[in-house]
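Residues or ranges marked as Zn(2+) 1 binding site by TrEMBL: Cys459, Cys462, Cys499, Cys502. Feature annotation from TrEMBL assigns Zn(2+) 2 binding site to Cys468, Cys471, Cys486, Cys489. For 9-99, the entry in TrEMBL reads domain 'Primosomal protein N' 3' DNA-binding'. Annotation source TrEMBL lists domain 'PriA DNA helicase Cys-rich region (CRR)' at 468-492. Residues or ranges marked as domain 'Primosomal protein N C-terminal' by TrEMBL: 649-729.
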Amino acid sequence: MIYEIAISKIPLRKSFLYQYSGELESGERVLVSFNSRDCVGYVLCQSELSDNIDLREIKEIKERIDGLSFVNPRDVELIKWVARRFYSPIGQLFDMMIPAFVDDYAKTMVESTSELIPLESMSLSEFISKYGEKTLKMYLKKGYIKLRRIFAAKQPRPRVGNLYLFLNKNLEEAILTAKNPDEYDVLNYLFANEGATVNQVVESTGVTVKKIRKMMDKGLLRASDMPSIQSALIEKNRENQLIIDDNEPEKKVISGGTVEERFNLILPLIKNAIESGCSVLYLVPLSSQIPYIAGMVQKSLDVRTYVYHGNLSKSQKALVWISAYKGETGVYIGTRNTVFLPIKKLGAIVVENDEDESYYQFEEPVFDCVEVAQKRAFLYDVPLILSSASGRLDDFSDLENSCILKLQTSSRNVILVDMKKQNSFLSDQLVENMRKVLNDGKNILLLTRRKGYSPFVRCLVCGYTVLCPNCDVAMSFHKSENLYKCHQCGYVEQVSDICPKCGAHALYPKGFGTERIERLIKYNFPSARVARIDRDTTNFRELLNRLFEFQKGELDILVGTRIILHGFTYPKLGLLGFVDIDSLLFQPDYNSKIRVYQQLRQGLQMAPNALMVIQTAEPDSDLIKYLFSSEYCFYQEELERRKSGNYPPYSFLVQVVLESDNPSIGWDLISSCVDSLRDEEVLGPVEHAVFKLKGKYRFHFLIKTRELDDTLSKLDGKLNEIGWKGWRVFINPPHLW
């Protein structure tokens with residue numbers, strides 16, 4: 001039989017034909033020879049042999065690796081669709097569905113196939129230890145034995161020291177189950193502290209980790225890699241629940257309101273899915289949102305929650321993956337890669353903040369998690385809920401196939417500050433209102449786009465700007481570390497005040513980032529408890545702890561990048577300040593306007609009772625006007641503008657990027673590629689907005705098309721002709737820089 005095989009870990013956008021004498025399942029792994037080396041392959045389907053192919057030229061599949069498929073046939077169809085839709089390597093997409101770490105928990109068994117060898121089933125290591133490797137090879141060659149792989153035979157045991165522990169039952173019920181004084185001590189400690197890490201429990205009670213594990217196995221304790229974020233608004237909003245009509249379209253869009261209000265609309269759907277024995281896939285754009293969503297689920301339903309994201313250890317990821325594969329019912333909450341978890345009985349998919357750019361993966365394999373979730377919901381015939389403050393533009397253009405539920409946005413006191421009349425990056429109005437809010441005992445959130453102390457350093461004598469030697473961007477100044485840093489490639493160098501061009505001691509930081517704002521705030525408000533959050537200074541666990549402290553009121557002022565804006569409600573928040581919204585508005589990107597609108601809209605709905613201060617040089621902008629009206633008014637105008645310009649969602653936008661060591665060779669190659677596509681609507685080629693990146697020179701062009709498959713077929717033919725090295729292709733990317 002002839003089979004189509006996708007090759008693992010290979011960045012190729014096609015499959016290959018191999019032959020095998022027996023039946024194979026779609027999605028199962030096989031061992032094949034590719035480019036003179038053994039590789040893992042994934043079975044796509046059986047194939048017919050065309051007249052121009054000689055059967056003798058088709059290689060044999062060497063062996064079945066697992067003997068069965070771990071991938072549901074519908075998920076095989078999903079991966080095929082994603083590969084076509086986003087022009088991504090299909091083998092790498094299968095690698096996401098079956099990550100390499102799951103093999104660490106499989107076991108290979110040796111079984112007899114002949115009455116001549118009366119052998120009991122045993123593990124491979126046990127057989128080799130007992131009979132030797134030579135006997136193994138001989139028996140396999142003669143067909144006396146076979147190898148069978150038992151998947152998920154070993155249970156992952158993640159290190160528990162940094163895990164957070166919580167009571168799995170109420171205190172009275174847990175104490176009745178406890179059997180000894182050590183268990184009583186742990187239960188009382190966790191009750192008094194509303195959760196703690198395993199290390200904190202061990203240090204405070206003297207109970208060993210082994211005993212804590214036993215309490216977890218007994219069901220007395222629940223462990224999580226995240227602290228429990230308070231979800232105080234859930235109970236009082238419970239009466240706002242809305243039962244979603246089954247006769248409505250399967251795609252539901254919930255727009256507006258706070259994250260709790262939207263969750264309460266979704267809650268009946270989650271409950272129905274769990275009660276029917278199904279699991280729910282709950283996607284969020286950033287891992288920092290997971291504790292809050294998990295907290296709301298756990299407070300509302302008696303259901304197991306599983307979290308899955310890039311900051312987990314391999315064993316933690318494996319534990320969740322194996323639970324999904326085994327069909328353990330629960331709510332699976334995670335970031336974009338979670339969309340590929342092999343959940344057995346899928347009952348519903350929820351996507352929170354579906355407009356967020358983090359759902360788009362720019363690294364290979366490229367895909368848009370929201371579109372993948374929509375396709376998976378269609379293949380599994382389950383409801384899809386898109387929940388956000390403002391929604392995607394696509395949601396409002398697809399009214400025939402969507403049910404849109406709009407929640408009213410609370411009226412907010414918003415102050416617009418015209419920065420053309422200000423001398424400091426923190427305006428007088430912002431500082432004055434911050435002082436009032438602090439005097440009222442409330443806390444403050446300040447949002448800026450840039451990290452570090454200042455985004456660039458310039459010579460006051462000759463105007464020279466310190467640039468990264470590997471990239472066409474300015475180096476950022478980080479004062480606390482006394483370093484210049486490139487936020488594109490990670491290059492760092494020690495700070496000097498001597499200009500390398502003119503020799504003057506006149507290098508001076510220009511602009512501001514999170515560190516500079518933090519320093520100025522500490523100067524203006526010396527008694528305030530101030531902290532900052534950005535990806536350069538805060539790891540994942542520190543980020544969660546800071547957000548947890550801010551929510552509990554243990555911090556007065558928090559400064560950070562957009563990561564602090566997602567997924568939380570802060571009951572004591574008195575002021576939300578957007579320090580430099582213009583830096584987002586004037587980016588070289590067709591999505592910049594809608595990106596700013598969505599971020600401001602999200603701020604409006606995150607803390608309904610807080611004052612919002614927007615610093616901008618364009619206070620009379622139409623964008624600001626639409627902020628106080630229905631989001632559909634803004635989207636309607638944006639849709640009309642895009643329709644006239646033939647931009648998504650009325651066409652597909654294909655961005656083709658070339659990275660080259662030599663700029664002249666790169667220009668010749670990309671020009672040749674564009675020349676072969678002259679019957680398409682092409683913009684470019686031009687130098688990329690960031691021309692030099694990590695030592696490579698970049699060019700790009702755009703294609704607007706309504707026939708994506710045809711366009712990609714033409715592009716594929718040309719790239720196969722000139723070679724794939726250095727080329728990247730993105731379909732409807734959320735940004736072009």
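Cβ from N, Cα, C; glycine included.
What TrEMBL annotates, mapped onto the structure for a quick look.
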residue: Cys459; record: Zn(2+) 1 binding site; contacts (Cβ under 8 Å, 6+ apart): Thr465, Cys499, Lys501, Cys502, Ala504, Ala506, Leu507, Tyr508
residue: Cys462; record: Zn(2+) 1 binding site; contacts (Cβ under 8 Å, 6+ apart): Cys499, Lys501, Cys502, Ala504
residue: Cys468; record: Zn(2+) 2 binding site; contacts (Cβ under 8 Å, 6+ apart): Ala474, Met475, Cys486, Gln488, Cys489, Tyr491
residue: Cys471; record: Zn(2+) 2 binding site; contacts (Cβ under 8 Å, 6+ apart): Cys486, Gln488, Cys489, Tyr491, Val690, Lys692, Leu693, Lys694
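The residues of the domain 'Primosomal protein N' 3' DNA-binding' (9-99), classed with DSSP into helix (H, G, I), strand (E, B) and coil, number 25 helix, 24 strand, 42 coil.
Each of the binding-site residues Cys489, Cys502 was scored by how many other Cβ atoms lie within 10 Å of its Cβ, and the smallest score goes to Cys502. Neighbours of the Zn(2+) 1 site: apart from Cys459, Cys462, Cys499, Cys502, residues of the same chain with C-beta atoms within 8 angstroms of the site's C-beta centroid are Leu460, Val461, Gly463, Tyr464, Pro500, Lys501, Gly503, Ala504, Ala506, Leu507. Residues Cys468, Cys471, Cys486, Cys489 make up the record's Zn(2+) 2 site, and a Cβ search at 8 Å around their centroid adds Pro469, Asn470, Val473, Met475, His487, Gln488, Gly490, Tyr491, Leu693, Lys694 from the same chain. Cys499 (Zn(2+) 1 binding site): 21 other CB atoms within 10 A of its CB, across all protein chains.
Residues in the domain 'PriA DNA helicase Cys-rich region (CRR)' (468-492) partition by DSSP class (helix H, G, I; strand E, B; coil) as 0 helix, 8 strand, 17 coil.
In the three-state DSSP scheme, Cys459 (Zn(2+) 1 binding site) falls into the strand class. Cys486 (Zn(2+) 2 binding site): 20 other CB atoms within 10 A of its CB, across all protein chains. Mean model confidence for the domain 'Primosomal protein N C-terminal' (649-729) is a pLDDT of 95.
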